[in-house]
Amino acid sequence: MEAFTVHTGRAVPLRRSNVDTDQIIPAVWLKQVSRTGFEKGLFSAWREDPEFVLNRPEYAGASILVAGPDFGTGSSREHAVWALQQYGFRAVISARFGDIFRNNATKMGLLPIELPEDYIEGLQDKIEANPAKEFTIDLPARELRCDEGGVRSFEIDDYTRWRLTEGLDDIGLTLRHADDITVFEKSRQPWLPVTA
Amino acid sequence: MGRTLADKVYDAHVVRSAEGEPDVLYIDLHLVHEVTSPQAFDGLRMAGRKIRRPDLTIATEDHNVPTTDILAPIADPVSRTQVETLRKNCAEFGVRLHPMGDAGQGIVHVIGPQLGLTQPGMTVVCGDSHTSTHGAFGALAFGIGTSEVEHVLATQTLSQKKPKMMAVTVNGELPYGVTAKDLILAIIARIGTGGGQGHIIEYRGEAIRALSMEGRMTVCNMSIEAGARAGMIAPDETTFAYLEGRPHAPAGAEWEAAKEYWRSLRSDDDAVFDREVVIDASTLTPFVTWGTNPGQGAPLSANVPDPAEFEDPTRRSAAERALQYMGLTAGTPLRDIAVDTVFVGSCTNGRIEDLRAAAAVVKGRKVADGVRMLVVPGSMKVKAQAQEEGLDAVFTEAGAEWREAGCSMCLGMNPDQLKPGERSASTSNRNFEGRQGKGGRTHLVSPAVAAATAVTGHLAAPADL
């Protein structure tokens, strides 16, 4: 996983609620068996509209997506996270995230930041007023900073923050407890099914 | 303090718990399909890891598979590669696979219960958000992403934080003609697509107890559409009767021991939920969606809502956008909405009872001119049983297409898709923009409403016929 510590970049406002993972990456893109090339599928239906925010030149190269509430609902497809990352996003800000999307994002090092809806609307206004505005996300300090001096703190649990800042892979962490898993397996109920 | 059903199942699977760290949660059953697994198998290979418990893992081909000519190679080369990749991975890592054409093949959430692999008190995961379906048995079942699929393959556990608990109590009796699908659509409209976020929903109350196992699966299936990762229903005699005698269900003395344990799997009377919602079943009527998320629904007897009536600006703009995408005008009676496609199937409503309900409506009638009706059984077993009961003939005589098993038009990864501008009444679970094909418009409905809609050509309930 890609580590996330401090990131500075421009932001793009996506003024839509309930951006489900089918919109982030439509199903037709899920047939690939590799982990790369998903940036082409990011919002592919919406990107056909020349007015769609990601098509506007002033937002080219932005790395922070500032979206409406309930971002990443629906399908469990981790391809949504891969598509956002491969397109160049390092963080998504929303008032609420789909649980599976948020989980997938933190496994991959895409930072989901939850902030209140009215704050996000204010942020979107500011970005639209000046798309060149830069923001700094300081994960160790749990802060979102604006180039003109505004600071907003956000919440993230200590463990996830540590894992993200170190770029640690969950499997390696869990395998440190392989002996506990072996012990647990001996206590499983005898009737539990096997597929073999 | 008392514990909830979900607390009990969760607690019984904690391998390791430490302050400030997520729990290590043991997984009893891992379901695998072709779409969300290839990168996970690659990850194992790159790290030189094996599957810890292939004997707790089972795979099927469902999302991509065509529903016609299944013995021929898949025409779409990209889909074919993905399915072939699953076959190679299962052979290499020793995973039982039900491939296309196999009598055990079907949608992953249909075959688990069908085989008796889904049992009360288990933890079940799959790289698919509708894994919540299995919660109907009192299992803790939820969808995961590909990184977590790899994690489960490698460790048979997940790194988890216990979710919050939500109770949805449905009192009273569902009126005649009102089904599990109507109920869950009404619940989602009530609590919203984010209402269950961070929670496990336990469905309880008289109306839930009265549902068959298949109805309970329909309800739990769509928990994710209310934002909850998992939905659960406490096991009872209905659950036991469904399970008894299935290929992987316990037998003999173990059956008795299992039942004794399963009976303890209910929320204690003094259990505390973080959130509670109460619904009166007797007030419900057939329910359909009008918008582009599953929370945008209304009784069939209602009109397309006027976005101006939504007080919340976010909901208002979402409704405006939805009506524009759906090509609908505020104030139009929902019953006046004409469709060109009807889809009966999916992990939500592709089981035998769903097919029976749809067949009962179309029997002796004809699908309306200009409407195509696709009936896609959830599994090859469901298909075989339907054929034994003569349901295939009922559908084909009415003018519907009788297909092979798979996810099909629920998500349009195979050739079963809507064309731009086409409109469907669909028994599936998502009405997202483009879900059933780019530019397609979806109304989520029950199997009975789907069938009545096919006959009339516009959204309708059987009572309208």
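Quick reminder: no glycine exception, Cβ is built from N, Cα and C everywhere.
Cβ environment of B:CYS347 ([4Fe-4S] cluster binding site): B:ILE107, B:VAL108, B:HIS109, B:VAL110, B:HIS130, B:THR133, B:ASN221, B:GLY378, B:CYS407, B:CYS410, B:ASN429 lie under 8 Å away, each six or more residues apart in the same chain. For B:CYS347, B:CYS407, B:CYS410, the entry in TrEMBL reads [4Fe-4S] cluster binding site.
According to TrEMBL, the region 'Disordered' annotation covers B:416-442. If you look at the region 'Disordered' (B:416-442), the same-chain residues 6 or more away from its ends with a CB under 8 A from one of its CBs are 66-67, 130, 181, 221-222, 225, 288-289, 291-294, 296, 325-327, 337-350, 354, 358, 374, 376, 403, 408-410, 449-450, 453-454, 459.
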Which one, from the binding-site residues B:CYS407, B:CYS410, has the smallest tally of other C-beta atoms lying within 10 Å of its C-beta? B:CYS410
May I have the DSSP-based helix, strand and coil counts for the residues of the region 'Disordered' (B:416-442)? 0 helix, 6 strand, 21 coil
Three-class DSSP secondary structure - B:CYS347 ([4Fe-4S] cluster binding site): helix
Compute the mean position of the Cβ atoms of B:CYS347, B:CYS407, B:CYS410, which form the recorded [4Fe-4S] cluster site, and then list in sequence order the other residues of that chain whose Cβ is within 8 Å of it. B:ASP62, B:HIS63, B:ILE107, B:HIS109, B:HIS130, B:GLY345, B:SER346, B:THR348, B:GLY350, B:GLY378, B:GLY406, B:SER408, B:LEU411, B:SER428, B:ASN429
